[in-house]
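Below is one structure, written out as structure tokens, with a few remarks after it.
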Amino acid sequence: MGDVEKGKRIFIMKCSQCHTVEKGGKHKTGPNLHGLFGRKTGQASGFTYTEANKNKGIIWGEDTLMEYLENPKKYIPGTKMIFVGIKKKEERADLIAYLKKATNE
């Protein structure tokens, strides 16, 4: 898959303004991502999601995140995530490798 350290840098630059990853981390503009892998869309406890997120009904994993992170608004029309996405597949793979580790510690 990707490079965890490169993924961490991508997370800090592009994601950390709106998301946290640590267990017990607070929700910001976006939800805390701890426990993301294997969870259905729109299920982080204590965060208010759009109906689009709640109704998407997919399980987060490497493949679903790879597609989602390329263009979030295309993958889940109606999401309130304003991030435009990451076009480079390698950067998405690095970010996913980091998220897989960081959201499970």
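Glycine is treated like the rest: Cβ placed from N, Cα and C.
Per Swiss-Prot, the feature heme c binding site maps to CYS15, CYS18, HIS19, MET81. Every protein chain shown contributes to the tally, and the Cβ of CYS15 (heme c binding site) ends up with 20 other Cβ atoms within 10 Å.
Taken from Swiss-Prot, the feature N-acetylglycine applies to GLY2. Around GLY2 (N-acetylglycine), taking its Cβ as the centre, 21 other Cβ atoms fall within 10 Å, counting all chains.
In the structure as shown, the Cβ atom of TYR49 (phosphotyrosine) sits within 10 Å of 17 other Cβ atoms. Classification of TYR49 (phosphotyrosine) by DSSP places it in coil, neither helical nor stranded. Annotation source Swiss-Prot lists phosphotyrosine at TYR49 (among others), citing similarity to another entry.
Swiss-Prot lists LYS56 (among others) with the feature N6-succinyllysine. Around LYS56 (N6-succinyllysine), the C-beta neighbours below 8 angstroms that are at least 6 residues distant in the chain are THR41, GLY42, ILE76.
Spatially close to LYS73 (N6-acetyllysine) yet at least six residues away along the chain are THR79, MET81, GLY85, judged by Cβ distances under 8 angstroms. Per Swiss-Prot, the feature N6-acetyllysine maps to LYS73 (among others).
Annotation comment: Swiss-Prot describes LYS73 (among others) as N6-succinyllysine, evidence class similarity to another entry.
Annotation comment: Swiss-Prot describes TYR98 (among others) as phosphotyrosine, evidence class similarity to another entry. Long-range Cβ proximity for TYR98 (phosphotyrosine), meaning a same-chain Cβ under 8 A and a gap of 6 or more residues, is found for GLY2, VAL4, GLU5, LYS6, GLY7, LYS8, ILE10, PHE11.
Annotated N6-acetyllysine per Swiss-Prot: LYS100 (among others), in sequence order, evidence recorded as similarity to another entry. Within the same chain, residues at least 6 positions away in sequence whose Cβ sits under 8 Å from that of LYS100 (N6-acetyllysine) are MET1, PHE37, GLU62.
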Within the same chain, and leaving aside CYS15, CYS18, HIS19, MET81, name every residue whose CB is within 8 angstroms of the centroid of the CB atoms belonging to the recorded heme c site, in sequence order.
SER16, GLN17, LYS28, THR29, GLY30, LEU33, PHE83
Compute the C-alpha separation of CYS15 (heme c binding site) from TYR49 (phosphotyrosine), stating it in Å without decimals.
17
Sequence gap of 6 or more, C-beta under 8 Å: which same-chain residues meet both conditions with respect to HIS19 (heme c binding site)?
PHE11, LYS28, GLY30, PRO31, ASN32, LEU33
